[in-house]
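A.B. asks: Okay, handing you the structure first.
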Amino acid sequence: MIIVTTRQMQQMDKNTIESFGIPGRVLMENAGRGAIEMLSEHFDLEGARVAVVAGRGNNGGDGFVIGRYLMEMGVSVSFFLLSTRDRVQGDAGANMDLILDLLAEHALSQFIEIPDKDALEAVTEILLDHDLFVDAIFGTGLNADVRGIYRDVIELINDSDKAVFSVDIPSGINADTGAVCGVAIRADATATFAFAKAGHILYPGNFHTGDLEVVDIGIPGHIAKAQSPHIFLPEPHDIAGLIPARAFNAHKGSFGHLLVLAGSPGKTGAAALCANAAMRSGAGLVTLGVPEKLMPVMEPMVVEPMTTALAQTSSGGLDAAALDDIITLLADKAALALGPGMGTDSGTQELIKSILAIASVPMVIDADGLNCIAKNPDILATVKAPVILTPHPGEMARLTGKTTADIQQNRMETARNFAEKQKVILVLKGAQTLVAYPDGAVFICPTGNPGMACGGMGDVLTGMIAAFLAQDLSPESAALAGVYLHGLCGDLLAEDHAFGFSASDMVAGIPQALTTLLS
Ligand SMILES: NC(=O)C1=CN([C@@H]2O[C@H](COP(=O)(O)OP(=O)(O)OC[C@H]3O[C@@H](n4cnc5c(N)ncnc54)[C@H](O)[C@@H]3O)[C@@H](O)[C@H]2O)[C@@H](O)CC1
Ligand SMILES: [K+]
C-alpha cells in the first residue's frame, strides 16, 4: 500500500486543480460520495440519527457533502459547525450553503453553530442525542494541538460510546506521524482520500483510525506518480516476491557464504543467535569469527555454522590484530554481519573501523558496530560496500546525537533523513520498524508484536538480513525481507504465547515463517 505525506497530498490536490483543471469542488464531491459508500456499508443507517460535526476547513466541507447525501437518503442529520457560518469559505462554504438551502425541505434535520463554550454548553444534550457521529472537524490541515471547544467536543464524542466515522483522518491525529495532538477522535471507521496517510498506520494513530478505506477522488495517475518518494506498507506478496525460488539442482554454494563477526565474554549468545538465525534463513554457509578463547564455549552453541578463532583483546573481545585474518576470511564471502555482542574495547572499536574501511561485501551493522560508528560518524563516508544499519531507538539517538524521545517522536523523518544523508539503508527498530532507503523511500513494517520486546531479538534480525544478503538479494530487498519475516516469525509465535517466547524460539521458528510467507 502506498502512503503519502500531508505535503504530498496537498501538492497532488493543488496540481490536480491548477494544472489538470479538475475543480476542487469536484474533488470534494468525489470525496464525500466515496465516503458515503463506506459509511453505508459500515453502519446501519435505518432510522439512525446522524450528527455531522464539522470544522471550518475543507474537512468540514467533506462532512457537508456526506450530510447532503444522507439527507437525500432520508436520514435525519444534525450539522454542528464548530465555528460561525461566515468563517466557512471556498468549496466548504459552497457545500455548507447547499445544506442551508436543503434544510427547508428536511424538517428533521438541523444546523447548529458552536462558536464558543457557552454555545457548546447550551447544545451538549442535543449533540449527544445521536446514534452516529461523522467526524469532519480536522483533516490534513491540523496544525496545532487541539484545545478549547474542539477538545471538549472530541472528548464528548469519545466518551459517548456512540458509533464514529471519521472523514479523512480522526480529528486530532497528526497525519504524518500518527501522534495524538492533545486529544483525538477514536473512530470505528475512517474513509481517507486518494492515498492512506502515515498517521493512519503509525501508532497511536492506527488505534484511532478503526477500519480504513481509501476512496478514489480522481487524482490522475501521473500527478500521483510525480510525488515520489513514497512511504509503503508492504503486503505479504510484496515480500514473497523478493525471495527467489530455489533451483531444483541448487547446492549450498548457491546460497552464499556469510561471515559473522560477533561475541565477547558475557555476550556469546548474541553471536550464536545471529549465526544460527542466518542458517535458518537460508544462507548456504555461515562462518562465525569469535575471540579465540571463546571457541570452546561457542562451538557447542552453533552446530551448523563454522567457527574461526580470531585474535582477542586483553579483556576478551575481538582485537585489531585480527584484521589480516578477517581480510582473508572475507575473500570468498558474499556478505558480512558485524557487531552483535562485540563489546566496546578500544581494540575492538579499532578493528570495526578498519573493517568498515576495507570491506567490499554488503554488510549489516548492529549493536557495538553501531556504537563504533556513533563515535566516528564520518567513517560511513569511507565505506565502499552497501551498508545496512539496524539501530534500536537508543542506538539511533547515539548515531544522531539526539535523545531517544526525539527519535521516537519523529521516527519516520529521522530514518529517512539519515538514510538519505549517509547513503545507507537504515532499519529503525521498535514497534513498526521502519526501513529507509537512500532514495528517500520508507517502508513501515506491519509485522511484529510486543512479545518480541526482549533481549536477543536484534541479533536474530541481523542474522536474517545478512542471510538474505548472502543469498544475493539486493541490500534494499534483504533489509525489507529480513525485517518483515522477523516480525512474522514473532507473530506466529504470539499465536500460542502472548509473550515469554525467546530469541532462540524465534531462530527455531524462522523456517515456519518462511513457509507461511511463501505458501
Ligand atoms: N482540494 C482539496 O484540497 C481537498 C481536500 N479535502 C479535504 O480537505 C481536508 C484538508 O482541508 P484543510 O486544508 O482546509 O484543513 P482542515 O479542514 O483539516 O482544517 C483546517 C482548519 O482548521 C484550523 N485548524 C487547524 N488546526 C487547528 C487546531 N489545532 N485548533 C483549531 N483550529 C485548527 C485551520 O486554521 C483551518 O481553518 C482534507 O483532510 C480532506 O478532508 C477533500 O475534500 C479532497 C479535496
Ligand atoms: K476528520
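Backbone N, Cα and C atoms are what each Cβ position is placed from, and that goes for glycine too.
Residues annotated as domain 'YjeF N-terminal' in TrEMBL: 9-225. Per TrEMBL, the feature (6S)-NADPHX binding site maps to 58-62, 139-145, TYR150, ASP168, ALA270, GLY341, HIS392, ASP459. What TrEMBL records for ASN59, ASP135, SER171 is K(+) binding site. TrEMBL lists 235-517 with the feature domain 'YjeF C-terminal'. Per TrEMBL, the feature AMP binding site maps to LYS429, GLY430, ALA431, GLN432, THR433, GLY458.
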A.B. asks: Relative to the mean position of the Cβ atoms of ASN59, ASP135, SER171, the recorded K(+) site, which additional same-chain residues have Cβ within 8 Å?
C.D. replies: VAL53, ALA54, GLY55, GLY60, GLY63, ALA136, ILE137, PHE138, GLY139, SER166, VAL167, ASP168, ILE169, PRO170, GLY172, ILE185
A.B. asks: Can you list the residues of the same chain, besides LYS429, GLY430, ALA431, GLN432, THR433, GLY458, whose Cβ falls within 8 Å of the AMP site's Cβ centroid?
C.D. replies: HIS392, LEU428, LEU434, CYS445, GLY448
A.B. asks: With AMP as the bound species and LYS429, GLY430, ALA431, GLN432, THR433, GLY458 as its recorded binding residues, calculate the greatest Cα-Cα distance and give it in Å as a whole number.
C.D. replies: 14
A.B. asks: Pick from SER171, THR433: which of these binding-site residues has the biggest number of other Cβ atoms within 10 Å of its Cβ?
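C.D. replies: Result for the most crowded candidate: SER171.
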A.B. asks: Please work out the mean pLDDT for the residues of the domain 'YjeF C-terminal' (235-517).
C.D. replies: 96
A.B. asks: List, in sequence order, those binding-site residues among THR140, TYR150, GLY341, GLY458 whose Cα sits within 10 Å of the Cα of ASN59 (K(+) binding site).
C.D. replies: THR140
A.B. asks: DSSP three-state call for ASP135 (K(+) binding site): helix, strand or coil?
C.D. replies: strand
A.B. asks: What does DSSP call THR140 ((6S)-NADPHX binding site) in the simple three-state scheme?
C.D. replies: coil
A.B. asks: Go through the binding-site residues GLY61, ASN143, TYR150, GLY341, LYS429 and pull out the ones with a Cβ less than 6 angstroms from some atom of ligand 2.
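C.D. replies: If the test is a Cβ under 6 Å from any atom of ligand 2, the answer is none.
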A.B. asks: Select the closest residue to THR433 (AMP binding site) from the following binding-site residues, measuring between CA atoms: ASN58, GLY61, THR140, TYR150.
C.D. replies: THR140
